[in-house]
């Protein structure tokens, strides 16, 4: 039995589903596209405090967000922040080993990439 159905497999839908599941709910995600055909399947993230209002609260929000990201990065079995090449080893800009902090000549295998 499902407690909650989340409609949409984008970043907001998936985040909502994860938070609900972590709180003990049985969650099902309904998405128009199969998971492998969405941007969420290959999404990365950049984080910094945005210029939003009310400006007086942004610093606290940013620090709270950073603490959550640090906890997630430290949890076993969770992906960590940073750049990593694709598993496929495809040539060109995607999976070429080029990216922030990379010399472009080094290739690292991600865990689970065979």
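Count begins at 1; order follows the chain as displayed.
Even glycines carry a Cβ here, placed using N, Cα and C.
Residues 78-114 are the range that TrEMBL records as region 'Disordered', among 41-77, 78-114. According to DSSP, the secondary structure content of the domain 'FAD dependent oxidoreductase' (3-79) in residues is 39 helix, 8 strand, 30 coil.
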